[in-house]
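Look at TrEMBL and you will find 13-26 tagged as compositional bias 'Basic and acidic residues'. The annotation domain 'Transglutaminase-like' is assigned in TrEMBL to 262-354. Here TrEMBL flags 270, 328, 351 as active site. Taken from TrEMBL, the feature Ca(2+) binding site covers 391, 393, 441, 446.
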């Protein structure tokens, strides 16, 4: 059911209702209200006494009282707590004003409202949209802290954290949940889901439940199974679409999906799926935020262990379903879990990135964050997968490609799930929520929870032929190694590292070292080889030696992916001892762009903005494009082509914006050229009257 034009003679009191229901940021002409709260509507007619009026609300196909998708109710003197009700506000000679209330567990979506007078046939008053209500204590999504409601439902700007555990970076995102027809598109997502296609009547009747809506949307945001919104691509080649790192907001993605006749938008990676899901859930009134987990495990076979394989030359082999991502972004949504019990209410994990199937389709969650922390992995939904993302043990193996034999190099139980991050409420800062996901790494409590989870998954009692033997795990290496950074980590500059090797024993050791550097995507999937070298080293007893490594910009420039990530590996074959793997994931920084607002930003007044970029390398850069967006600052996306820049040359680009709302707003800028992909920055602009 699309939005119907309001019937002539119906006044929906858009401003007043919008203010009361925290929906005034929706820009359409249709009334948008929240459940469990009264709204006012005025309509023509007083021929009949008010007592004879009957109201009918209906949503979805074949609405019925049984499915709670239809309600019929007369005028009463008080509001009913658990059903639809109408209370007379006032009458005049030719119109009636009524206050209509919905129950706090009503089905959300687009409703038709009709009125019937006496025994005459019903008259349509038009349509309105009903949403979840985090401001109402009776709602499953009730959030007592008002500042959190503002951030997690009403805020259109977000910050997403990326990079790696050694170096956390961030970029802005325009969720844009109140833009133009985003609400309609979010309702279309529900209507295009597999559950709706299979049984539309039952599907709509479940839309009172945030668990259900969250799970359905986690499937619909990815294109797998249901031709959902975004198609994932982790290959490093995005020529037949837009690179995942080129997007700066959800609006463009959702609009493209609708305009193309609902064909999946190319391409997304984890933060794109998470950001689009944030937009959809905030739009429908479920408090939601993005979460970034660093060193995130993708445990494909459900054994709470991630296996990585390296050949004798030190090349990271892409042969296992398991992987450890530099970072992974998912969502948390806030609602109660009546199915599990009150202690599991609060933040729930949802993940729209298509990694593993759940009940046969690519969807994930809601998994209670409390259940993850306590190791209660048997609880709905998808807790084992999420538990592994933050807790799995890592095994690093040497794999002989000729014989298929694998030898354990070493195992680690503290690398996975670090610096779990989200944006602070009301500030552009990072807060760390790792302690909400697990007890302190290395503590007895944390190991006890891990054992409890293994036991619940039946992994304790089952012989696992792929697991390393206790003897393999207990082997102690003769040497230790690490890569130290010696110089700036910037695209356009040489990469300088130092390999530090130390002999831990009291006799001389001879070590053969095979080194490689590969460009990767952020999931640490190797894409192109950049460099390799080998050497033999003699280490005296307890001696530490340093070996400088220089990888020139000209060597890596053509090989780099848009993630600017390089994995450097040294596989050390110690004569008479076990192998030692030294590795480091490096994220190179792009150069910066600078935004200046020239003058005070006033509502409905033009203001000049200047963006400055300096080419830091000694060759020309071309195909330069600037992309600008920002909710309440400009409509749509501004694209500006910039002439080529010679070595060291600075470009200054000026454009005008006309803000149309007051308050703190964020302008997002994305600069790209042939040598640098997607340099992002944002600026907070305070718009005054």
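All positions are counted from 1 along the displayed chain.
A Cβ is built for glycine as well, from the same backbone N, Cα and C atoms used for every other residue.
Close to residue 328 (active site), meaning Cα to Cα within 10 A, are the following recorded positions out of 270, 391, 393, 441, 446: 270. Around residue 393 (Ca(2+) binding site), taking its Cβ as the centre, 22 other Cβ atoms fall within 10 Å, counting all chains. A sphere of 10 angstroms centred on the C-beta of residue 441 (Ca(2+) binding site) encloses 15 other C-beta atoms.
Each residue in 390, 413, 414, 416, 417, 438, 442, 447, 450 lies on the same chain as 391, 393, 441, 446 and has a C-beta within 8 Å of the C-beta centroid of that Ca(2+) site, without being one of the site residues. Counting only the Cα atoms, the space from residue 441 (Ca(2+) binding site) to residue 351 (active site) is about 24 angstrom.
Taking the recorded positions 351, 446 in turn and counting surrounding C-beta atoms within 10 angstroms, the largest count is reached at 351. For the domain 'Transglutaminase-like' (262-354), the DSSP-based tally of helix, strand and coil residues reads 18 helix, 41 strand, 34 coil.
Here the C-alpha separation of residue 351 (active site) and residue 391 (Ca(2+) binding site) works out to 17 Å. For the pair residue 391 (Ca(2+) binding site) and residue 270 (active site), the C-alpha distance works out to 19 angstrom. Around the Cβ of residue 270 (active site), the same chain contributes 325, 327, 328, 329, 330, 353, each under 8 angstroms and 6 or more positions distant in sequence. For the compositional bias 'Basic and acidic residues' (13-26), residue counts in helix, strand and coil come to 7 helix, 0 strand, 7 coil, using DSSP. For the recorded positions given as 328, 391, the lowest number of other CB atoms within 10 Å of the residue's CB is seen at 391.
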